[in-house]
């Protein structure tokens, strides 16, 4: 394990101390956070319950109130599916049959329309409160179910629409309905609460503060139908989700035990949402990471990296990646689960986002101790990383650059030489021309670490010649470093100046020679001329 003393010694050997261990591994506020912020098509935070034609037909046949159903269906509807006065009259009538029939009509409007008239429903005075009142009708489970369905679909709308459901007092009643003896009612209550929690961090915290977790977790202890389990784990993931601020960990950590066995359910939807929940819970300081590790989920998460559905692989990879942002011991737990072979496989994924997050995960492993860097070498991962550094999309190249530079920062002389022999210098030099200042710094730091090793070798063998200077010149790196002396970022131009002065000597600069800019590639263009044996004379 890396000791604080070793880390401090490593830092003191830098001229530029900006790349500290926190920057090397715990890149949560930058690349790591950016990875989490991206919109995921695989997971919806809100879901509308839409009946299929088959379900509708079955319902018509099984309905006891056939006359009332026909009465509703024959109502004169205004253009655009507006709510009729008959519907509101029936909602507020004292007849349970009329109440049910009208509620079903509202439900159909909110379920079938491509653009459901949610605003029209909530703007009809007293209607939302009436549906909440119907939730309390324990003697009429069908009315409870239909009302819950209506409110679920209202809560599937925008934040203002969701707030109407909350302000009508629905949340505590929905939580009570999680313990209903009728599974249809339970499931619809879960769905509604999932929609409300998925709206915003404020709604999520309100639902948590209403003490949803005990009855929700109790649902998992029963033999449920699959749709119930799917809805419940989805609601659970929404309760764990959110960064600004995250949920109070003490309120969501009790779900870890349930999540640990949900990882062994065969259904991909259940697996995906369980993995997302674990990725949210592991996204934070080391004590949260430790709680996730202590739940015993790491080995199964690593196994799921090889799942055949990206819907499962993406959140499993996110969770594994979050865990290795922890300390060396926490990172080792993942390594002990044989994660590297799975990660190597993901580096060749046709899905760019998977490839990128695999690189990000590996970059946090190479920020560990030398033994951990060696496991990455032994797994033969660096050839793939260097290939990615040369050919992948820029967002993926960035993560590969971090993985390689982190290895040069903490690696031994032999480990750094291995990276040079694999050909890491040329792609690092190529990154010096990109527009992203942070990645230019990462590439400069990697090259500096290599040059420092060369200087030590030159002193040790008495030759006085740094073997890596020539390799950087051959890769047109010297041109690029010299150009960076005029970079607008102070840290970059200072680092470039220091590298030239310390490793390449001072040479006259022709300020009239400036590279062109290729905006499509987000980088500068340098003429690729042959380097003379004595180096460049600019």
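Quick reminder: no glycine exception, Cβ is built from N, Cα and C everywhere.
According to Swiss-Prot, the feature compositional bias 'Basic and acidic residues' maps to 20-41.
Note on the region 'Binding to RAG1' (245-437): mean pLDDT across this stretch is 98. Positions annotated as region 'Binding to RAG1' by Swiss-Prot, on the basis of similarity to another entry: 245-437.
The repeat 'ARM 1' annotation in Swiss-Prot covers 77-117.
Taken from Swiss-Prot, the feature repeat 'ARM 2' applies to 118-161. Under 8 Å from some Cβ of the repeat 'ARM 2' (118-161) lie the Cβ atoms of residues 46-49, 82-83, 88, 91-92, 96, 99-100, 103-104, 106-107, 109-111, 168-170, 173-174, 177, 180, 182, 184-185, 188-189, 191-192, 195-196, 199-200, 203, all in the same chain and six or more residues away from its ends.
For 162-206, the entry in Swiss-Prot reads repeat 'ARM 3'. Through the fold, the repeat 'ARM 3' (162-206) approaches residues 45-47, 49, 122, 128-129, 131-132, 135-136, 141, 144-145, 148-149, 151-152, 154-156, 212, 215-216, 218-219, 224-225, 227-228, 231-232, 234-235, 238-239, 241-242, 244-245, 247-248 of its own chain, all at least 6 residues removed from its boundaries and within a Cβ separation under 8 Å.
Long-range contacts of the repeat 'ARM 4' (207-245) within the same chain, counting only residues at least 6 positions beyond its ends with a Cβ under 8 Å from a Cβ of the stretch, are 33, 36-37, 43, 45, 47, 171-172, 175, 178-179, 183, 186-187, 190-191, 193-194, 196-198, 201, 251-252, 254-255, 258-259, 262, 265, 267, 269-270, 273-274, 276-277, 280-281, 283. Annotated repeat 'ARM 4' per Swiss-Prot: 207-245, in sequence order.
Away from its own ends, the repeat 'ARM 5' (246-290) comes close to residues 28, 36, 42-43, 201, 204-205, 208-209, 213, 217, 220, 226, 229-230, 233-234, 236-237, 239-240, 296-297, 300-301, 304, 307, 309, 311-312, 314-316, 318-319, 322-323, 325-327, 330 of its chain (Cβ-Cβ under 8 Å, at least six residues beyond either end). Look at Swiss-Prot and you will find 246-290 tagged as repeat 'ARM 5'.
As annotated by Swiss-Prot, repeat 'ARM 6' applies to 291-330.
Feature annotation from Swiss-Prot assigns repeat 'ARM 7' to 331-372. Across the range of the repeat 'ARM 7' (331-372), the DSSP-based residue counts are 30 helix, 0 strand, 12 coil.
Summarising the annotation, Swiss-Prot assigns repeat 'ARM 8' to 373-412. For the repeat 'ARM 8' (373-412), the residues of the chain that approach it from at least six positions outside its boundaries are 2, 10, 19, 24-25, 27, 31, 335, 340-341, 343-344, 347-348, 352, 355-357, 359-360, 362-367, 418-419, 422-424, 426-428, 430-431, 434, 436, 439, 442-443, 445-446, 449-450, 522, judged by C-beta separation under 8 angstroms.
Sequence annotations record features per position, and here Swiss-Prot assigns repeat 'ARM 9' to 413-457.
Sequence annotations record features per position, and here Swiss-Prot assigns repeat 'ARM 10' to 460-504.
The motif 'Nuclear localization signal' annotation in Swiss-Prot covers 42-51.
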